[in-house]
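Per TrEMBL, these features apply:
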DOMAIN    35-339  domain 'D-isomer specific 2-hydroxyacid dehydrogenase catalytic'
DOMAIN    126-297  domain 'D-isomer specific 2-hydroxyacid dehydrogenase NAD-binding'
BINDING   Arg172, Ile173, Asp193, Pro228, Leu229, His230, Glu231, Ser232, Thr254, Asp280, His309, Tyr310, Ser311, Gly312  NAD(+) binding site
SITE      Arg256  site 'Important for catalytic activity'
SITE      His309  site 'Important for catalytic activity'
Amino acid sequence: MKVLIILYSGGQAAQEQPKLLGTTENKLGMYDWLKKLGHEVIVTDDKEGPGSEFQKHIVDAEILITTPFHPGYLTADLMDKAKKLKLCVTAGVGSDHIDLNAANKHKITVAEVSGSNVVSVAEQVLMTMLVLVRNYTPAHEQIVAHKWNVAQVARDAYDLEGKVVGTIGCGRIGYRVLQRLEPFNCKELLWFDYTDLPADAAKAIKATRVATLDELYARCDVITVNCPLHESTRGMVNADAIKKMKKGVWIVNTARGAICDRMAIADGLKSGHIAGYGGDVWDVQPAPADHPWRDMRGPQGNGNAMTAHYSGTTLDAQERYAAGTKEIVDNYLNGKPQNPANVIVADGQYATHAYGQRK
Ligand code: NAI
């Protein structure tokens, strides 16, 4: 069978660092294994447009493996052409690059390596909050520019202690963010999710569930987005939502870029209504050179804490999601059941509750 693997190219870094498993060079550590089993394996980073390797090989691939870091966007149109496709595996967490409703129509299974990089992301969320709230980036840029002006950076620097911090989505990552925030003595920790936490998990964190997103928007100094991208979260953080937030809000989004409206965020930062926006996810990846989030700034030239999509692809995370991807493929090849926690859609329906409230 044909296995199509879409990964980012690691170039020299991947040659020097074999632990960069999620690259075309190191092939998730799966290439030799699959070849030995007699399968045809295509590994490529060429994923855009009708002439791409992705579109060329998807028509007769049985298994597609992609990462959210360099997503092969499997649209409904492409899926119509993928007559042999049975299994899509996300090497990582977050399968929104696959049209899940189309996967259900064609009874294609979509699975991801749940939990594989959630600690990696939760740590990045904490870091990004601190970078924004403490106005770290301009303070650092000043130093490498051989300058010294304490007042210029202190004028926008605050402590996380005493702030109200809330997460949209309190699944694996959102929950870990709240756990990690506890020692910072925030004024309040809030969460909004349509899914409740198990009673013992809710008890273990000193955080309050709010009933509506509007309440979270109105009360928070810092908002972090930790829900998947699906029909009802696409563009959710738009100009209307931002109006409901406090002036000077900091927003951290490591979930998916398209959950936040790109111009509403850039305009909000420019006007000062948003004091800072940071994260590593973009509404299309790789982000185009002219994406407004690359060089958007607040009135003092600060407030931008964007990076390339890497929070969930630390070397530790890569080891976990490469192993998990191999396990999912091995299960499929040997007719073994998948770990239910990894299954997003199967047999024509959503197996997870996390991609929107459905009947
Ligand atoms: P999870 O499935 O454990 O939790 C997601 C939670 O979001 C669920 O509790 C669900 O009920 C909730 N949710 C869904 N829609 C919501 C809505 N409209 N409002 C409020 N809550 C909503 O997923 P996990 O592991 O916490 O990951 C969350 C997302 O983070 C992934 O889907 C992915 O998009 C992103 N992610 C980003 C990474 C990165 O490298 N930047 C790496 C891993 C995940």
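In case you wondered, yes, glycine gets a Cβ from its N, Cα and C as well.
Everything TrEMBL records as a feature, shown here on the structure.
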{"residue": "Arg172", "record": "NAD(+) binding site", "contacts (Cβ under 8 Å, 6+ apart)": "Val93, Ser114, Gly115, Val118"}
{"residue": "Asp193", "record": "NAD(+) binding site", "contacts (Cβ under 8 Å, 6+ apart)": "Ile168, Gly169, Cys170, Gly171, Gly174, Arg209, Cys227"}
{"residue": "Leu229", "record": "NAD(+) binding site", "contacts (Cβ under 8 Å, 6+ apart)": "Gly94, Asp96, Ala255, Arg256, Ala258, Ile259"}
{"residue": "Glu231", "record": "NAD(+) binding site", "contacts (Cβ under 8 Å, 6+ apart)": "Gly356"}
{"residue": "Thr254", "record": "NAD(+) binding site", "contacts (Cβ under 8 Å, 6+ apart)": "Val121, Gln124, Val125, Thr128, Ile173, Thr224, Val225, Asn226, Gly279, Asp280, Val281, Ser311, Gly312"}
{"residue": "His309", "record": "NAD(+) binding site", "contacts (Cβ under 8 Å, 6+ apart)": "Pro68, Phe69, Asp280, Val281, Trp282, Gln285"}
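The average pLDDT for the domain 'D-isomer specific 2-hydroxyacid dehydrogenase catalytic' (35-339) in the predicted structure is 98.
Note on Arg256 (site 'Important for catalytic activity'): other Cβ atoms within 10 Å of its Cβ, all shown chains, come to 24. The DSSP secondary structure for Ser311 (NAD(+) binding site) is helix.
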